[in-house]
Number of protein chains: 2
Amino acid sequence: MSSIENFLKNAVTPWMGPKGEHSNIVMSTRVRLARNLKGFRFPLDFSREEAEEVDHQVAAALEGMEDFSHIPMESVPAIQRQALVEKHLISPQLADPERPGSVILSGDESVSIMVNEEDHIRIQVIYPGLHLLEAFDRANDIDNRLEEALPYAFDGEFGYITSCPTNTGTGLRASVMLHLPALSITSNMARIAQAVARLGMTVRGSYGEGSDALGNVYQVSNQLTLGKSERDILMDLRDLAERLIEQEERARRALLEHSPMKLEDRVWRSYGILTNARVLATDEAANRLSDVRLGIDMGIIPDVDVSVLNELMIFMQPAFLQRYAGETLQPGERDVFRAKLIRERIGMGRQSGREN
Amino acid sequence: MSSIENFLKNAVTPWMGPKGEHSNIVMSTRVRLARNLKGFRFPLDFSREEAEEVDHQVAAALEGMEDFSHIPMESVPAIQRQALVEKHLISPQLADPERPGSVILSGDESVSIMVNEEDHIRIQVIYPGLHLLEAFDRANDIDNRLEEALPYAFDGEFGYITSCPTNTGTGLRASVMLHLPALSITSNMARIAQAVARLGMTVRGSYGEGSDALGNVYQVSNQLTLGKSERDILMDLRDLAERLIEQEERARRALLEHSPMKLEDRVWRSYGILTNARVLATDEAANRLSDVRLGIDMGIIPDVDVSVLNELMIFMQPAFLQRYAGETLQPGERDVFRAKLIRERIGMGRQSGREN
């Protein structure tokens, strides 16, 4: 097995796959529930003893429920912690070595429960495609199991109590990761972000607040957690996602109609650069991967699998690159390994595409 | 046979081949002798009868000498005339449909004798690689044959009389076409052009006076035709060409030493774009072909033949593109066919390179 095949065997997660509704535009769906236990201070200012007791109680409550692994952060080397962040399985805060925390992961990595992050418990479910209700149902099952065993901090008027008041109420944050290259190319995203904000929702880059929309991947999520039922939050977000998908599809048809050759040229040039460049910075790689993904979706590039692009958006980041290289890399060296990884991975994708 | 194979079968000329000394840097050598007949006015202001008589006498003098074809310009469709210009076999002036002229071509296109261009006779020999003396010898043989049969305009003091005084004397213009990408990348060409001018020679773009150095191809030629023997003119030019080759080689070694990854990245990106782009303007195509040629010369790109690049620099021009397309093309359409031609030709080159 080549080094890249070996690397991928250990790194690919099922939710990166091409399954799921609208999977040409929706990269993934995420649902997160924030919960806290009565009788403990919030993680920001609790003691190490409290942290250990919370961690112990949560792990015990879930014992035997699924093939969960309980992973204390301090047992994880820094580079692996970073890789978990790049895969969206934990937050950068949980990866902070100064703070006690752990993650409980399902075997397929679709469920990750962060313990002692900003709240005592954050149940997160990631699915490929647009599957908000299904993801919520799975998170809800885990929530019910925990609630049976543990005393949640809950207020009859406000709902679930959270460390940050913006999460209080349902404690629900739902988000959909959308690839919107045509709306970006046609400079529509600023207008859309304003319209979305008026609906009480937000559009931002794929790594959350303050992050750029690397490679035209946007995360759309609910802003409000209070005053609306979980179901309403999810339905409103699904409606919004569907409207954005429709607008993206319309923008794609317009590009194809008005300047098909310009579009083909853009897509194929990006393909040519990804499969040949020897140095690729993150931003350029993300934008060119976005072009190629658009080309695949629109039938311009025939024999590359979309899941290759989903994977590469994640694996081209520093921690995964270093796992792939098998050594610590300086920023300049990362650009060289990023180019190598992308070149080899797309090459593999083409071969297997051709065999089908 | 594919359309491109068929096109190339009819368009490739032996002097585009990779043979010849220093053929990695020297694309071709050209020698031209200007001659006029006594008793006729210069082509700029002679009569149609005089033109026909000159043409007839020149053609008759060369009859049976080689496998020459005598081609009156008025018998050649405009697009074919343009193709002869793009191949450097005739000048743009000779292609002017308002003026009477013809060309006498050898079967391998290494000899082209323009009749009734600016002078009555211009004998031109093109060879691949650096072969100034050999090219001159061939031109000289033809010149001797003509001189035996025809009364040349010759002055004991000044030498051969020409329409433009800058050609009077030997009537010799010799030039070498050099690919100097490393000297261009390292911004040395302005300095070199000044130094060359001080030696009584000139450096300019590949299509002669006033033309840009498309794709880093420069034409170095003698400025003086008077006061020096033919042999001295040729030896001085050869010395200069060899010095430029040495400087280019030194600049290449420096690029490889100081920033090998940057160089590899540049070369491979250009390769990726040439083999994938759907729209390519002349300038961009020339610059990227220059990068790829540099990559081949330096062993970075292993399996493409340099002659492919020599050919494409010529065939990517408007008249050849239209012959390839089989129809008249608007400028925007040319960029599309240029991209197609380059993509297909490099693809062919790789295949045959791999079979070896």
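A Cβ is built for glycine as well, from the same backbone N, Cα and C atoms used for every other residue.
Those TrEMBL annotations? Automatic predictions, nothing curated.
Not measured: the values here are computed from a predicted model.
According to TrEMBL, the features are:
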type    : residues                                         : note
BINDING : A:28-32, A:HIS88, A:ARG122, A:173-177, A:204-209 : ATP binding site
DOMAIN  : A:25-251                                         : domain 'Phosphagen kinase C-terminal'
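Feature annotations (TrEMBL) mapped to structure.
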{"residue": "A:SER28", "record": "ATP binding site", "Cβ neighbours (10 Å)": "27"}
{"residue": "A:VAL31", "record": "ATP binding site", "Cβ neighbours (10 Å)": "28"}
{"residue": "A:ARG122", "record": "ATP binding site", "Cβ neighbours (10 Å)": "26"}
{"residue": "A:SER175", "record": "ATP binding site", "Cβ neighbours (10 Å)": "24"}
{"residue": "A:ARG204", "record": "ATP binding site", "Cβ neighbours (10 Å)": "18"}
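Averaged across the domain 'Phosphagen kinase C-terminal' (A:25-251), pLDDT in this predicted model comes to 91.
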